[in-house]
Amino acid sequence: MHKVLAIETSCDETSVSIVSNIGDTFRIHSNIIASQIEDHSKWGGVVPELAARKHLELLPFVLEKALEQAKIKIEEVDYIASTVAPGLVGCLRVGSITARSLCMLHSKPFLGIHHLEGHLSSILFSENYPKKSFLTLLVSGGHTELIKVDDNRGMQRLGKSFDDAAGEAFDKVGRLLGLGYPGGPAIEKIAKNGDPMKFNLPKCRISDKKGGFLKYDFSFSGLKTAVLRLVERINLAGKTVPIPDIAASFERVVAEVLVERTIKCAEDHRLDNVVVVGGVAANNTLRKMMISEASKKSIKVHLAPLDLCTDNAAMIGAAALFRIKFKDHLSNLKLGVAGRLSIEQANTLYEENPPF
């Protein structure tokens with residue numbers, strides 16, 4: 001059994017977790033998350049400099065709490081891991097420097113983890129997670145991607161958003177409707193009282209230079225603009241804006257786009273397992289629609305546990321355990337952080353000469 005202490009500080013959650021595995025069974029001993037939502041809500045979104053300062057303030061307490069809850073001393077940990085890319089650079093540095101300092105202080109091996117690989121690994125804490133190749137829909141505030149994971153756990157991105165990620169669109173529409181930040185939970189809550197078929201909002205596509213459209217890619221900027229124009233027309237007509245109906249219609253269209261393109265991609269690549277992870281994966285409309293539509297195509301859906309959909313250190317620990325178990329990977333202590341790094345470049349984090 002390997003025990004990993006993992007740190008996640010890529011955006012606005014400060015998280016430390018202790019995880020372990022015995023064979024194919026992964027266990028969470030502690031997963032402490034300190035959210036900064038209240039600090040950023042007044043600004044309508046995450047302020048990078050403020051987020052980094054809050055990580056500095058919160059991380060010592062969160063680390064102590066994680067060790068205490070797991071009933072373990074840091075000397076008993078086998079590996080230490082932290083998110084190193086992609087994310088807000090100042091925030092990533094706080095977690096990375098802390099992790100590498102602990103490694104040097106306690107003579108522990110270090111693993112730098114790709115944030116998206118962490119989200120993909122959150123499914124390892126679910127029962128009967130897929131052991132063979134599968135398609136992952138990663139849908140969060142910063143990313144909307146379709147990633148194929150093969151039998152050897154190699155990763156290939158098959159689809160992506162060309163502008164706003166789905167979670168980003170939720171946040172922007174939430175602000176537009178006066179629902180505050182973060183928009184996802186607020187829209188989902190008020191949409192329960194609305195008619196999802198009230199407004200016919202667009203399902204935007206990306207044109208293919210060869211003709212037609214890119215089958216697996218996403219665009220949510222146009223949908224956001226359509227909601228803005230709808231609200232403007234209603235206001236100009238002197239009518240009351242039906243916020244629940246708009247929220248429900250918006251939520252439905254986002255879910256339909258995600259589900260339709262995910263299932264199309266899975267069918268085309270002959271993948272009969274679909275994994276859904278990331279913050280937006282907590283949306284109940286999306287979860288129900290994905291299961292319902294996939295079942296019609298004999299595709300099995302694996303959903304990330306609700307408490308592991310948003311950013312957390314347990315998923316980073318799971319990614320580290322997976323790297324140790326199947327790849328025997330470790331990172332150089334000189335490895336830095338990067339604001340951008342594609343999922344296909346994740347293996348570079350374990351090269352003798354760090355990429356950054």
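Cβ coordinates come from backbone N, Cα and C, glycine included.
Listed features, source Swiss-Prot:
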BINDING   His115, His119, Asp311  Fe cation binding site
BINDING   Leu138, Val139, Ser140, Gly141, Gly142, Asp171, Gly184, Asn283  substrate binding site
Where Leu138 (substrate binding site) falls in three-state DSSP terms: strand
Integer Cα-Cα distance in angstrom, Ser140 (substrate binding site) to His115 (Fe cation binding site): 11
Other residues, Cβ within 8 Å of His115, His119, Asp311 Cβ centroid (Fe cation site): Glu8, Ser10, Thr83, Leu116, Gly118, Ser140, Gly278, Asn312, Met315, Ile316
Nearest recorded site to His119 (Fe cation binding site) by CA-CA distance, among binding-site residues Leu138, Val139, Gly141, Gly142, Asn283: Leu138
Between Asp311 (Fe cation binding site) and Leu138 (substrate binding site): CA-CA distance (Å): 12
Residues satisfying Cβ distance under 8 Å from Asn283 (substrate binding site), sequence separation of at least 6: Gly184, Glu188, Glu251, Ala255
Largest tally of Cβ atoms lying within 10 Å of a Cβ, found at which of the binding-site residues His115, His119: His119
